[in-house]
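Below is one structure, written out as structure tokens; the observations come after it.
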Amino acid sequence: MTGDAGALVLFSGGQDSATCLAWALDRFETVETVGFDYGQRHRVELECRDDFRARIVELNPAWAARLGPDHKLDLSVLGQVSETALTRDAEIALRADGLPNTFVPGRNLLFFTLAAALASRRELRHLVGGMCETDYSGYPDCRDDTLKSLQVTLNLGIGSRSVVHTPLMWLDKAQTWGLAKILGGEKLVDLIRTGTHTCYRGDHDRLQDWGYGCGTCPACELRMKGWQEHRSSLDE
């Protein structure tokens, strides 16, 4: 366990950040969470956050002792400066530059900047996010180089010694499910399966084998593929 100060987890209510929350609870003495309301089309993920926080502490008494307050920040300004399929009712497609139109420019940069400011006030040294390069859509602000550079910038600009952790950076979705199993067994896997939301279209009515979602958007396809590979690996 890491003992120097605590951690602030960027917790959206999705699979990746939920796994990162468990990862942080397993390592730090104090863990707080922060979520961002930026007018996302799949805002149902925000509605999953409180219930997930309440249920994850039931899995481990030590985690219950470590989980601290939750913070939710209004970032509706993101919807004013960008027009994407995550903030507009638009069909998901590739842009002319090859990026999907679900990319919200600057989103993670803004998330981490505000999280670092909040963490400084809360005296939390460690920032934890669920970004990864392995199963991703080419988002520039999910890259390892971007986040390492951002850590330097945040420390220079805020005068802190924050550490940015991205425990999923080199994991694919199957390995992310596997990490959840290592951290909390099948109970945590099932909690993430049923208690988080990933679908870009905000479909939280249909419970699939791998969780809620439409099953056809890029986020659902990645989650479904990872789930199938994870379960297949258990049968080998």
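Backbone N, Cα and C atoms are what each Cβ position is placed from, and that goes for glycine too.
Annotated features in Swiss-Prot:
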type	residues	note
BINDING	Phe11, Ser12, Gly13, Gly14, Gln15, Asp16, Ser17, Ala18, Thr19, Cys20, Leu21	ATP binding site
BINDING	Cys199, Cys214, Cys217, Cys220	Zn(2+) binding site
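According to DSSP, Phe11 (ATP binding site) is assigned to coil rather than to any helix or strand. Looking only at the binding-site residues Cys199, Cys214, Cys217, Cys220, the one with its C-alpha closest to Phe11 (ATP binding site) is Cys199. Ranking the binding-site residues Gln15, Ser17, Leu21 by Cα distance from Cys214 (Zn(2+) binding site) puts Gln15 first. Neighbours of the Zn(2+) site: apart from Cys199, Cys214, Cys217, Cys220, residues of the same chain with C-beta atoms within 8 angstroms of the site's C-beta centroid are Thr198, Tyr200, Arg201, Asp203, Gly213, Gly215, Thr216, Pro218, Ala219, Glu221. All chains included, 22 other C-beta atoms sit within 10 angstroms of the C-beta of Cys220 (Zn(2+) binding site). For the ATP site, the Cβ centre of Phe11, Ser12, Gly13, Gly14, Gln15, Asp16, Ser17, Ala18, Thr19, Cys20, Leu21 serves as reference, and the other residues of the chain with Cβ at most 8 Å from it are Val9, Gly130, Thr196.
Of the recorded residues, Leu21 (ATP binding site) and Cys199 (Zn(2+) binding site) place their C-alpha atoms 19 Å from one another.
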